[in-house]
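Engineer: One structure, as structure tokens, below. Some questions next.
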Amino acid sequence: MSLKNLPTLQQFIDALDDHIWVKDAGGQYVAVNGASETAWQHPRDHIFGKTDRELFSKERAEYFRRVDEKVVAKGGQQTVEECAALDRDGNEVWLETVKSPITDETGDLVGIIGMTRNATRRKQVEARLSLTSEIFNNFQEGMMITDHNANILDVNRAFTDLTGYEEAEVIGRNPSFLQSGQHDPNFYTELWLQLQKHGQWKGEFINRKKDGSIYPQLATISAIADESGDLLHYICVFEDISLRKAHEEKLRRMAFFDPLTNLPNRVHLTHLLEQSIALGEKSDTPFATLFLDLDHFKHINDSKGHLFGDQLLAQVADRLQAMRAGSATIGRIGGDEFVIILTDYDCEATLLDIIDQTLGVFNTPFVFEDNEHLRVSGSIGVARYPNDGRDSETLLKNADTAMYLAKKNGRSGYAFYSPDLTDRSVQHVRIQSALHDAVDKEQLSLAYQPQYRLEDNALVGVEVLLRWEHPELGFIPPSLFIPIAEKTGLIQHIGQWYSKPRVSKEECGLTRGFPLENWR
């Protein structure tokens with residue numbers, strides 16, 4: 001190529017949109033096109049015959065000189081520079097320049113031709129791709145990108161950390177190799193249906209790592225389509241939620257299980273009982289609720305200490321678990337109270353056998369530190385669904401009522417609930433409540449009954465009897481209220497009332513020297 005054809009060259013480069021210019025061997029500009037005039041903000045006549053030093057800053061001109069020398073030294077077309085400049089609005093513009101030496105027929109250098117194009121768009125795309133790649137690889141959650149056929153195209157470092165699989169081991173594979181086998185086929189069918197319908201699915205997986213261990217993960221899968229709606233990729237972002245699940249399980253156990261015995265607590269036991277009721281209603285199947293209470297546990301707790309009592313309760317729970325029949329559910333609902341739900345006994349004889357087995361856990365002594373042995377017994381109350389109650393509260397209350405009957409009958413046994421027990425229980429509660437007011441409201445009184453000697457019908461003494469006349473309940477016999485007073489501690493209050501003088505000796509006829517025969 002020769003510079004003799006500059007007019008023709010000028011016409012050619014003026015027709016191009018890229019910035020094109022030509023320098024001679026001395027570095028003077030001999031041709032520029034209109035795009036260069038616009039970019040450099042100099043008219044063409046002002047550019048011709050001038051060097052970079054005359055058109056640009058000293059630093060920039062020196063930079064161009066070094067680049068030109070490299071082009072000449074290497075020979076041939078070279079992409080030699082990408083430099084940042086500012087447009088008229090002060091925005092950064094990236095320019096990519098391709099330079100090539102011009103030689104004559106003898107191979108001597110006669111100039112340099114260059115073409116500069118705006119590379120800002122490409123640089124921005126590259127920057128975004130670089131940033132995206134940086135984010136992709138430094139994302140704490142695992143990321144997996146597949147093609148439209150769900151074949152893996154790329155994974156990030158977190159994917160490797162979470163699954164144990166290196167990138168080279170998974171590229172081109174379908175993600176199904178990560179499945180744990182703990183989800184049924186319908187799970188994946190529903191997943192894909194939702195993904196196709198809504199373009200996204202979010203939920204929990206149980207997946208398998210390379211070492212064979214399984215773990216829970218929270219995943220979001222998104223379908224990526226082009227502008228025309230054609231599917232391009234699937235992107236899956238997931239995280240290991242093992243710690244979260246462990247924490248949730250810990251909170252669940254704290255909320256629903258007794259920490260001492262690891263048995264369901266009252267809240268959970270009630271929920272399980274309601275489930276049994278719902279199943280019983282659906283299948284018309286009866287079941288039994290056993291209410292077990294340790295005998296004399298308060299005395300053991302008070303005399304041996306609460307730590308000893310806790311150890312005893314834990315051992316009782318272990319024995320109950322060991323003898324558990326079939327699908328029986330055992331819970332501790334408080335103190336020394338245990339509840340057993342029996343749902344699969346086939347007849348009354350089987351139920352009685354299970355009750356005997358339950359009481360049998362107390363047949364052998366409980367062993368404590370220092371080889372201390374202690375024999376303990378328990379009493380059981382039984383309420384059956386649906387005859388004895390159709391809701392959890394009623395069944396537990398009636399089983400509890402029956403348990404108190406078992407204790408009244410001598411302990412270390414069992415009793416079945418019957419409706420008259422409820423009547424007695426209601427009466428018991430009402431009398432107990434009324435006893436608090438009986439003393440203060442002067443409802444108690446004393447009756448004096450003379451005692452005679454049978455041989456000669458001689459008066460030998462007087463028996464003082466306690467009487468209670470309630471304004472609503474009427475006369476309440478001592479045989480009914482005295483045991484309640486003894487059990488509740490009110491007997492002491494009554495004793496204090498009794499010790500006070502109620503009548504004078506003259507009124508009761510016990511003055512000194514008064515003939516006893518006057519009592520006849």
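Glycine is treated like the rest: Cβ placed from N, Cα and C.
Any TrEMBL annotation is an automated prediction that lacks curation.
Not my notes, these are from TrEMBL:
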type: DOMAIN; residues: 5-75; note: domain 'PAS'
type: DOMAIN; residues: 79-131; note: domain 'PAC'
type: DOMAIN; residues: 128-174; note: domain 'PAS'
type: DOMAIN; residues: 199-253; note: domain 'PAC'
type: DOMAIN; residues: 285-419; note: domain 'GGDEF'
type: DOMAIN; residues: 428-520; note: domain 'EAL'
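On this model, are these features tucked inside or out on the surface, and what's nearby?
Structural biologist: DSSP states for the domain 'GGDEF' (285-419), grouped as helix (H, G, I), strand (E, B) and coil, give 59 helix, 35 strand, 41 coil.
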Engineer: So, do the domain 'PAC' (199-253) and the domain 'PAS' (128-174) meet, by the test of 3 or more Cβ pairs under 8 Å (sequence gap 6 or more)?
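Structural biologist: They are in contact.
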Engineer: Over the domain 'GGDEF' (285-419), what is the model's mean pLDDT?
Structural biologist: 92
